[in-house]
Amino acid sequence: MRYPIIITPDERLRRQAKPVKVITDELVQLLDDLYETMVAHDGIGIAAPQVGKNLQVAIVEVEEDDRFEMINPEIIASSGESLDVEGCLSIPHTFGTVKRADEITVRYFDREGEEMEVEAFGYLARAMQHEIDHLNGVLFVDKLVERIPEEDLEKYMEEHEND
Ligand SMILES: [Zn+2]
């Protein structure tokens, strides 16, 4: 099932999401539906609050077929710093640079209930931080360094290709 995406401003994007206590069939279904919704919107990440589910569940897929389904994710280590452009399915036509850690270690549970620990770098680390922020009611525009007008996006990407 494909969910409609909640768009700002909406209080449901500003809540502290609740930890998942038990992985039920319903939760596994939510993961599938979140993924379907993300792909339908050409997203590289999605968090449950964006579809009105107040749960600590997020998905990131920066590279095709490299999907991270994170239940109760927690950043347990971070280092470095990087500045890059972000957007958000919940904030259409808005883009801008955000400063993030360049390298993080995330601990979470997968759909099997297995505890995972993943080290992520670069844009994957960025996407994970963006989605985990959603679970704390934080949006990328809260951390915006510089807004990039949509029509300048391509130009910006070309200029910063090798950063
Ligand atoms: Zn977002």
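Residue numbers in this text run from 1 along the chain shown.
Cβ coordinates come from backbone N, Cα and C, glycine included.
Heads up, TrEMBL stuff is auto-annotated, nobody curated it.
Now, the feature entries from TrEMBL:
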BINDING   Cys88, His130, His134  Fe cation binding site
ACT_SITE  Glu131  active site
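Long-range C-beta contacts of Glu131 (active site), restricted to its own chain and to partners at least six residues apart, with a cutoff below 8 Å, comprise Gly45, Ile46, Ala47, Ala58, Ile59, Val60, Met70, Pro73.
Annotation for His130 (Fe cation binding site): same-chain Cβ neighbours under 8 Å, separated by at least 6 residues, are Gly45, Glu86, Cys88, Val98, Arg100, Phe140. Cys88 (Fe cation binding site) is surrounded by 24 other CB atoms, counting those within 10 A of its CB over all protein chains shown.
Just so you know, the Cβ of His134 (Fe cation binding site) picks up 24 other Cβ atoms within 10 Å once every protein chain is counted.
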